[in-house]
Each structure stands twice: as structure tokens, then as C-alpha cells.
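Undergrad: Have a look at this one before I ask anything.
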Amino acid sequence: MSRMACKLSYDGTAFAGYQVQPGKRTVQSEVERALQEIHKGARVPVVASGRTDAGVHACGQVLHFDTELTIAPERWVSALNTHLPDDIVVTNAAMVEPDFHARYGAQAKEYRYYIQCGPFENVFRRHFAVHIKQALDVPAMQTAAKHLLGTHDFSAFCAANTTVTDKVRTITHVAVQPSEEGLLISIRGTGFLYNMVRIIVGTLLEIGTGKRVASEMKVILAGKSRNLAGKTAPAHGLCLYEVDYGQPLFVNETPGQVSMN
């Protein structure tokens with residue numbers, strides 16, 4: 001029995017999220033269906049680095065599964081892609097140690113949120129970037145984002161219906177930078193709460209549009225209440241960009257190998 005790790009990109013538009021849900025199309029169900037076909041009907045469960053919500057994309061999702069088949073990593077890539085739908089692509093594969101765990105072994109994750117700015121929406125990007133008509137105060141957003149760095153209780157930036165009790169997380173990098181189409185917000189941390197990135201982005205957008213001032217970010221963090229933060233930003237602007245395991249998993253690995261840019 002061997003343990004394989006795979007890197008996935010997927011367009012989340014037509015999925016009800018990553019995790020299996022009865023009667024709904026999900027990324028996990030499609031991957032497990034493909035593996036079942038390759039294994040001649042035998043069920044092969046997969047474990048991912050984490051779940052993504054309906055409409056959220058990924059270019060750096062990582063999963064693992066156990067197999068009795070003797071197939072080279074590069075052949076796993078082609079075999080899986082042959083059986084997967086067009087909106088999921090395996091971009092890399094590797095044989096890993098038996099104790100490797102895609103979820104519990106992850107040391108950090110990076111998410112990126114894409115924003116179109118301007119009077120007209122680029123219809124070819126409408127499923128991958130959120131459109132904001134008004135001009136954004138980028139320096140104010142950058143100032144506010146700095147308050148997120150470090151270890152904090154992120155209760156204010158967590159969905160109210162979560163069952164998680166420990167809401168302390170560490171953010172190691174956050175950037176708000178102009179891009180060709182508008183704005184790119186990237187956030188890297190050791191772990192994230194449910195809807196955390198989207199609530200942070202929603203709050204930053206309210207600061208960028210003048211509904212709030214940059215100094216409010218510090219107050220919101222200290223208040224630890226979901227009611228203090230901004231709205232949850234739409235799912236389709238978000239992409240799981242990279243999962244870091246402390247050392248490269250794959251040959252010729254580069255972050256964001258299939259880019260959303």
C-alpha cells in the first residue's frame with residue numbers, strides 16, 4: 001500500500017464546495033469517483049488540506065489517498081485527469097511517507113482574493129473576481145491590513161454558526177496590492193476559521209470604499225464579535241493559492257503553478 005499526494009486546481013463555480021454532500025456535485029465526490037474508476041470499482045477515500053465553500057476556487061489544493069496500485073506519480077496525473085471533469089485538473093503528484101497527512105501536516109496556507117475595479121465588469125472574469133465600481137482607497141486598506149499580522153483571536157472574522165471554540169490564529173503575511181484588473185488581496189497564515197478570509201476581505205472593502213476608517217480594524221479585532229466586522233465577501237473572488245508543508249512535496253514544484261492571474 002502506497003500513499004500518494006496530489007495537487008489540484010479547480011474552478012469552483014459549478015461545485016457545492018469541496019466536501020462530499022449527498023445529492024450535490026462536489027470536488028471530493030468527483031475525485032473519489034475518478035479514483036474508483038481507476039481502481040476498478042473499489043472505493044478510495046481522499047483527504048484534503050481543507051474544505052472550500054461553494055464557488056471558491058483553488059490552484060493549490062493538496063490531497064492524499066492510499067492505493068495498492070503501482071503507478072508512477074506522473075502517470076497518476078494523466079490517469080486522474082483522464083477520469084476527471086474539465087473543471088478539475090491534477091497538476092502534480094508524488095509518493096509520500098505513510099504518515100503524511102494532507103490536512104494535519106499543513107504548516108501554512110495562502111489564499112488570494114481577486115477584485116475587478118472600474119465602471120464595467122470584465123465578463124470573462126465574472127466567475128473569478130468580484131467587481132467593484134467605485135474607486136478604492138488602497139493605502140487605507142493596506143494600513144488596516146497590517147493590524148491583522150501576528151497571533152490574534154479572530155472571533156470577529158469567523159462565521160457566527162461555527163462550532164470551533166479556539167479562534168486564535170496566526171497571520172504571517174497580508175498584502176493589498178494593485179493588479180492589472182484591479183486589486184489582489186493575499187493572506188497567509190498557519191490556519192483559518194470558517195469564512196475568515198472572506199470576512200476580512202469584506203471588511204477591507206468597506207474601508208476601501210470609505211464606509212469605515214482603517215483604525216477600525218484594530219477595534220474590530222479587539223471586540224471579538226462577528227457583528228463588528230464587515231459583510232462576508234462573495235465566494236467567487238477567493239482562491240486557495242498554496243498549501244505549505246515545510247518542504248516541497250512535488251518535483252519542480254512552484255506555488256500557484258496554475259495561476260488565477
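Any Cβ shown, glycine's included, is placed from N, Cα and C.
The following feature annotations were taken from Swiss-Prot:
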ACT_SITE  Asp53  active site, nucleophile
BINDING   Tyr111  substrate binding site
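Tell me about the setting of these features in this model.
TA: Within 10 Å of the Cβ of Asp53 (active site, nucleophile) there are 18 other Cβ atoms, across all protein chains. According to DSSP, Asp53 (active site, nucleophile) is assigned to coil rather than to any helix or strand.
Tyr111 (substrate binding site) falls within a strand segment according to DSSP. Within the same chain, the residues at least 6 positions away from Tyr111 (substrate binding site) whose Cβ sits under 8 Å from its Cβ are Ser186, Ile187, Arg188, Phe192, Val197, Leu238, Cys239, Leu240, Tyr241, listed in sequence order.
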